[in-house]
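Annotated features in TrEMBL:
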type	residues	note
TRANSMEM	45-63	transmembrane segment
TRANSMEM	83-105	transmembrane segment
TRANSMEM	112-134	transmembrane segment
TRANSMEM	140-163	transmembrane segment
TRANSMEM	175-195	transmembrane segment
TRANSMEM	207-229	transmembrane segment
TRANSMEM	241-263	transmembrane segment
TRANSMEM	306-326	transmembrane segment
Amino acid sequence: MQTNFLSQQFNAGSLAENSTACPANATICDGTSCVLLEENSNKTLSVVLSTILTVMLAMVMFSMGCNVELKSFLGHLRRPWGIFVGFLCQFGIMPLTAFWLSLAFNILPIQAVVVLIIGCCPGGTASNVIAYWVDGDMDLSISMTTCSTLLAMGMMPLCLLIYTKMWTDSSAIVLPYDNIGISLVALVVPVSFGMFVNHKWPSKAKIILKVGSILGAVLIVIIAVVGGILYKGSWVISPKLWIIGTIFPAAGYSLGFFLARIAGLSWHRCRTVSLETGMQNTQLCSTIIQLSFTPEQLELMFTFPLLYSIFQMIFALLILGGYRLYRRHHVKTKTDVEKTAQKEDSKSSAIINGGFVSDEMK
């Protein structure tokens, strides 16, 4: 693997001296701050957690599929304006934002590369769960996640070729196409079963959807803490990366929303595009950097995907909370509309019945 672009950024000898302060099995060190390899017990825990998370994710995507109507889903594919807008956001806005943030903060080349990898990744499945809770267009959300994961096989190499050439040779970055393919299958198969259930047994699909949406919220929390369970030690991250990790997801959500609105999409589709834009597949990014870089290089950028994952979830929850507050105070729910209609009907009939109105209708 080509690593000459880092030769001017740090002294390999000093790294070797610092690494002696860490245990011999440490993979990432900075003085006494290290991330350690998994012990045997930790490996067992990793396998168990991975299995549980995989099963839970399949169940969540199955339940999300229960909210997708085949006719509407195919309609998005036949008239893919919403998908096209999402495509521009995912592989246009996000890589460009990553590029400009890297330049603006003048970070190290290896750090700029990992920021760009995050920007070039497809959307994550957590966006489907949040989109459900903000009353987004689930048909569009699922189709965008599926298409971005599929198109990532071609768009990620292209975007990395365009944006990383000033820092490194893009051929030095290893893209795990098998992982992308597995992510695609793990998304499409359970969603397809959910769509089938929704088509055959719509009443049962609603129950599955409610259970799955709660399970999805639990899954998001579990994924957020798994990193701390699987690794011992601590890590040091550049203050500039902290700032970028905060700005980047917020910029993705905001720019995705505004571009969707400029493109003429409805409000609920704008919320969907916003979430699909800002919420990246950070697990895929972590896999790419671990395959592509040495432990000495990982020291400078290993935790950025974790940092981005934390802040993308924080902002997503803020969006969810803000929407729920807005809906509670400014938007009439379906139940409210039905009650209003019942009152109007009762008052109309009261005129005919001598002005009597039941207490239940007041």
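Glycine residues also receive a Cβ, built from the backbone N, Cα and C atoms like all the rest.
Of the candidate ranges 112-134, 140-163, 241-263, 306-326, 140-163 contributes the most Cβ pairs within a distance under 8 Å of the transmembrane segment (175-195). Nonlocal intrachain contacts for the transmembrane segment (112-134), taken as residues 6+ away from its ends with a CB within less than 8 angstroms of a stretch CB, comprise 57, 60-61, 64, 67, 90-91, 94-99, 101-102, 141-142, 144-145, 148-149, 151-152, 155-156, 159-160, 163-164, 167-168, 173, 180, 183, 187, 209, 213, 216-217, 219-220, 223, 241, 244, 248, 271-272, 275-277, 279-285, 288-289, 301, 304-305, 308, 313, 316, 319-320, 323-324.
Most Cβ pairs under 8 A with the transmembrane segment (83-105) among the ranges 140-163, 241-263, 306-326 are made by 241-263.
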